[in-house]
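Student: Okay, handing you the structure first.
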């Protein structure tokens, strides 16, 4: 408010306290207003106004001006008053104006220029489309592509600021609209895409080296960073050279400088912002894999403790790099960066009270307004008081302003609600919770790993005191000959145990009944076992220490079976992770059986070389496979085709009559029955999916063969759970309440037995592998001829097997290869029975080369669960690159089946060639009859 005294010599002064102003002064209201977004609309004609530039002033003694909400122009346009904070209409007007400007430029441009710019825009949009398409192929639908664009946009903003503000160069919008499409099309995003591909590929490969996300990212930057730096520096040099060469063309020179700065800042944003996004993507992938592995292992029937132990081993624990060690330089850099960031924001926040520039501007504006309207305000006899209202804006009533009004009304409602004393506190609390959750998610991989390790440590037993611990003697250097003596005792009683006299058996039994088995010494626990008071199988549970349980069981069985060999080191048991064995792989454990492991290869399978591990005690088996691999590689390697994937389980059910059994068979064979059973079965697992039901009737017995995909697990436990539930639904929901389940497995599967149903319909993975061997390789490597090899294969593998009435045994030694690979890779060795079903075909091509193929309809393998959770077997799966679950469920198991078929092919080729050349006996005498050492 402003006051002017009655004298003409006085001036207008600002008034804060009305008590200093006479009561009977004349009072006027000054209301400034503007008409915005007029466009083609006419403004209302008003009388008694003062106009200054775009601002109009209404001077009135009444409050009518304050009540103005709506004005009508001569053309009927309705203008509504509002605070000019909404900008939807403004942006729409800007868009329309920009479109009109572009349209005018197009009309005035030459045809060639229009075509050139159009091609540039097409190339730019294609580059953007290619960015998202390639990122999608990498494994990100939207976010990595969007993050790449944001990274480049930040580089553009930084470069634009430096160019226009620091270098004071003019970059017209027209130059940007014409130059940016060419720039994007030429530079592209190839280096960033390659970086993302390298990062995600390194993570897949890192499962063998267990690197964490920072290490994986660091390795990718080391590999891809120099290429990014080389390309960007080359283009920066080119743009700067162009700016010097075309210095007389200001527009081109300025844009070239801008482009060079964009590339320079792009290096910075790629190595900071985009790298951070990639690191987050890595950790999210790690969490996804851990969750997927946990669910598959639990579906496969493993205990929670075993699952946690496997997850700990398979987590990206991380190898040491410079990022792991505490670095003073890195810490100082981080603190300095954060300090500068907050300092700049604090300075910006405090600039108003540091310089007070805004106050000066406001004062100048106020007196400018006073000078413009002072002549229109009469001075009263007792002075005049003027109230200056905020500027009021009038906008034409059109669609954009109506939408804007609705949006502003909604925002205003939210703003009012947010200021409520209760709602504001709730929002603050929700913000705190949200921030905490986001911090948790950003560190979720490390938190996940840490908590997993802590949980495993809690579940593992505490270390015992010296008197109850497994006694391990100090290492003693002995001669090689001494290590084979049966009298060598690996574990003798500890000093504390020997010094302490054993308590009477009755006292030991009382301590056992009181639950104090852990406090007993080893010999006392052995006495409980030999007395029949403590079962052998309960040692792990009672002692809470798996390793100690194994040691005591060895001593107990040594006494019970009078087998002192168990007190020697002939059957080792130390240095083994029994936590994975207990509840998953074996019971009543007394040690582990070392097997020699050889490697055959490299064998090229579908264009990729593999070194295939084989655990065997048969001499010349690995050598035979190696010879086959060499011959196959000379022909270009193995080509494989997977024709079917489905594990089976065949329960047997019984009905009161043949009629009811037949009705159930018809229902199961119908589309309705298949669909109902699929719904019931699929509800039991995320991974098991029922493919088909096959039925067979024998009297009133009905055999149902469930064929199911089971992801990367071999799937017997997973599918059994689904079968039990589906049969339960049949009796309780589907109307077959008179059905009785005879057995969940009715041998119609068929598991671990030779059966025509597996040979005909397949079980597990059905794979066909083929290779073409040059005739020169047959002669030089296999030491035979194509004709002789083909002849032996027909007479032996086909006619000979037919004469024997074989089912699926039309091969030379498929079981040899399958079993050796299964033992090395943690597969079920008993399933070599059906997995070894194979027919080997060999023919001579028109060129005289040898074509070999093996067809194996029932390879039963998995890359999670079972023996694959053990570290030695798991490490061999890592050697093949198929350990654990794949990103595409089931892909690792399918690839493993192809590897098995391929090594069988090499073994078949080598053995048949040896038979054709008459070398079989000679090779076995050389490799399998080595003289025993004395």
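Cβ atoms here come from the backbone N, Cα and C positions, even for glycine.
Since we're looking at a predicted model, the values are computed, not measured.
Pasting the feature list from Swiss-Prot:
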type	residues	note
ACT_SITE	618	active site, charge relay system
ACT_SITE	752	active site, charge relay system
ACT_SITE	828	active site, charge relay system
ACT_SITE	924	active site, proton donor
BINDING	624, 625, 626, 627, 628, 629, 630, 781, 782, 783, 923, 924	CoA binding site
BINDING	685, 686, 687, 712, 713, 714, 715, 716, 717, 718, 719, 720, 928, 929	NADP(+) binding site
DOMAIN	113-280	domain 'SSD'
CARBOHYD	361	N-linked glycosylation site
CARBOHYD	364	N-linked glycosylation site
CARBOHYD	382	N-linked glycosylation site
TOPO_DOM	1-111	topological domain 'Lumenal'
TOPO_DOM	133-141	topological domain 'Cytoplasmic'
TOPO_DOM	163-168	topological domain 'Lumenal'
TOPO_DOM	190-231	topological domain 'Cytoplasmic'
TOPO_DOM	253-256	topological domain 'Lumenal'
TOPO_DOM	278-334	topological domain 'Cytoplasmic'
TOPO_DOM	356-421	topological domain 'Lumenal'
TOPO_DOM	443-934	topological domain 'Cytoplasmic'
TRANSMEM	112-132	transmembrane segment
TRANSMEM	142-162	transmembrane segment
TRANSMEM	169-189	transmembrane segment
TRANSMEM	232-252	transmembrane segment
TRANSMEM	257-277	transmembrane segment
TRANSMEM	335-355	transmembrane segment
TRANSMEM	422-442	transmembrane segment
Student: Which residues of the chain, 6 or more past the ends of the transmembrane segment (169-189), have a CB below 8 A from one of its CBs?
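Tutor: 102, 105, 117, 120-121, 123-124, 126-128, 130-131, 148, 152, 160, 163, 235, 250-251, 254-255, 257-259, 262-263.
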Student: Of 626, 782, which of the binding-site residues has the most Cβ neighbours inside 10 Å?
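Tutor: Buried the deepest by this measure is 782.
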Student: Can you tell me the CA-to-CA distance separating residue 717 (NADP(+) binding site) and residue 382 (N-linked glycosylation site), as a whole number of Å?
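Tutor: Between the alpha carbons of residue 717 (NADP(+) binding site) and residue 382 (N-linked glycosylation site) there are 101 Å.
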Student: For the transmembrane segment (142-162) against the transmembrane segment (257-277), do we get 3 or more Cβ-Cβ pairs below 8 Å once near-sequence pairs (under 6 apart) are dropped?
Tutor: yes
Student: What does DSSP call residue 685 (NADP(+) binding site) in the simple three-state scheme?
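Tutor: Once the DSSP labels are grouped into three classes, residue 685 (NADP(+) binding site) ends up as coil.
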Student: Residues sitting near the transmembrane segment (257-277): Cβ under 8 Å, six or more positions beyond its termini, same chain?
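Tutor: Here the qualifying positions are 143-144, 147-148, 150-152, 154-156, 158-160, 162-163, 167, 169, 171, 179, 183, 187, 191-192, 195, 217, 221, 225, 228-229, 232, 235-236, 239-240, 243.
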Student: Going by DSSP, is residue 630 (CoA binding site) part of a helix, a strand, or coil?
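Tutor: In the DSSP reduction, residue 630 (CoA binding site) maps to helix.
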Student: With residue 630 (CoA binding site) as the reference Cα, tell me which of the recorded positions 715, 752, 828 is the closest one.
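Tutor: With Cα distances computed to residue 630 (CoA binding site), the winner among 715, 752, 828 is 828.
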Student: Can you check which residues sit near residue 752 (active site, charge relay system), meaning Cβ under 8 Å from its Cβ, same chain, 6 or more apart in sequence, and list them in order?
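Tutor: Expected: 830, 831, 833, 834.
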Student: Need one number: mean pLDDT over the topological domain 'Lumenal' (1-111).
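Tutor: That region's mean pLDDT is 69.
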Student: Could you find out if DSSP has residue 719 (NADP(+) binding site) as helix, strand or coil?
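Tutor: It is helical.
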Student: Work out how many Å separate residue 626 (CoA binding site) and residue 618 (active site, charge relay system) at their Cα atoms, rounded off.
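Tutor: If we compare the Cα positions of residue 626 (CoA binding site) and residue 618 (active site, charge relay system), the gap is 14 Å.
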Student: Any idea which of the recorded positions 618, 630, 687 has the thinnest Cβ neighbourhood at 10 Å?
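Tutor: Each of the recorded positions 618, 630, 687 was scored; lowest Cβ tally within 10 Å is 618.
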Student: Would you identify the secondary structure of residue 752 (active site, charge relay system) according to DSSP, in three states?
Tutor: coil
Student: State the residues, same chain only, that lie 6 or more residues beyond the ends of the topological domain 'Cytoplasmic' (133-141) and have a CB under 8 A from a CB inside it; answer 'none' if no residue qualifies.
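Tutor: Residues packing against the topological domain 'Cytoplasmic' (133-141) from afar: 148, 193, 196-197, 200, 281, 285, 887.
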